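Chemist: Quick one: the structure is below, questions incoming.
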Amino acid sequence: MITVTFIRHGESMDNLRSVWAGWKDAPLSNHGMNQARAMGESFATTPYTAIYCSDLKRAHSTAQALLNAQTTDPLPPFTVEPDLREQNFGQAEGNAWSAASTGIDVQNKIYPVITNRVDSFPDGESLNDLAARAGRALDKCVVPWILKSKGEKAEETHIAIVSHGLCISELIGVLLKRAGSSDPPRMYTGLSNTAWTRLVVGARDEDRLDSVTLSEKASDLPLSVQVTHINVSAHTRNLIRQKGGIGSSEFDPKQQDIRAFFGGGGISKQ
């Protein structure tokens, strides 16, 4: 058994705008960096076995804040995994999104919310595409630790995965599906910036682990999954956005003083 904590990135500059932002690589705002630091400090004494993160700036910076706050020695390995990226919105990236009921109009740059799992914007990913990629990410970031954990208590191996709202909901959905659960991914959406959700994950039949290798199809390994925490953001309770526009400015690491669709809650995942 292992423990997996999924953490959404801090507020990005694009979170402050009503635009489609999946692979569009916006940095954290100053407020987002403060959220990330508060999250990191809340986990300072939590011994992580490994930290994984998306390669997009907003997730990478958040994961780095988690690593920087660690007081354990040695520090956990830090791995950047592109398959942990947010959903790719293709030609919609950077364009305004709306709740309009009309269809996609590329010429006029109208990109309404897609309400099913199979369609996508031109050159983008559908939710089913994202789920497939999430499965690949789990095979690289989670399954190897399960194979190593036979006979161990869940707290002995604890990994952090810093990613994006929609991606996290699909990661959890894939794990639950492999465990035989009928819970839809939408139950784990609407994550706040830097909020975390935690699962205890293991092989349903640990005796089988002796014969399973990474060369086998990892998705064939039946899992046991228990969701223990959902959308926890107590670490941001006392954070106040800096005034004068500073909090909503791009974070600059050289400076000292210096909302919830993309939490995964803006799309119906029927």
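Numbers here mean position along the shown chain, with the first residue as 1.
For all residues, glycine too, the Cβ spot is worked out from N, Cα and C.
Since the structure is predicted, the reported quantities are computational estimates derived from the model, not experimental observations.
I grabbed these lines from TrEMBL:
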ACT_SITE  HIS9  active site, tele-phosphohistidine intermediate
ACT_SITE  GLU86  active site, proton donor/acceptor
BINDING   ARG8, HIS9, GLY10, GLU11, SER12, MET13, ASP14, ASN15, ARG58  substrate binding site
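Structural setting of the listed features?
Modeler: Just so you know, the Cβ of HIS9 (active site, tele-phosphohistidine intermediate) picks up 32 other Cβ atoms within 10 Å once every protein chain is counted.
Of all Cβ atoms in the protein chains displayed, 29 besides its own lie within 10 Å of the Cβ of GLY10 (substrate binding site).
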Chemist: Taking only the Cα atoms, work out how far SER12 (substrate binding site) lies from GLU86 (active site, proton donor/acceptor), in Å, as a whole number.
Modeler: 13
Chemist: Among residues ARG8, HIS9, GLY10, GLU11, SER12, MET13, ASP14, ASN15, ARG58 annotated as binding substrate, what is the maximum Cα-Cα distance? Answer in Å.
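Modeler: So the maximum pairwise Cα distance among the substrate binders is 15 Å.
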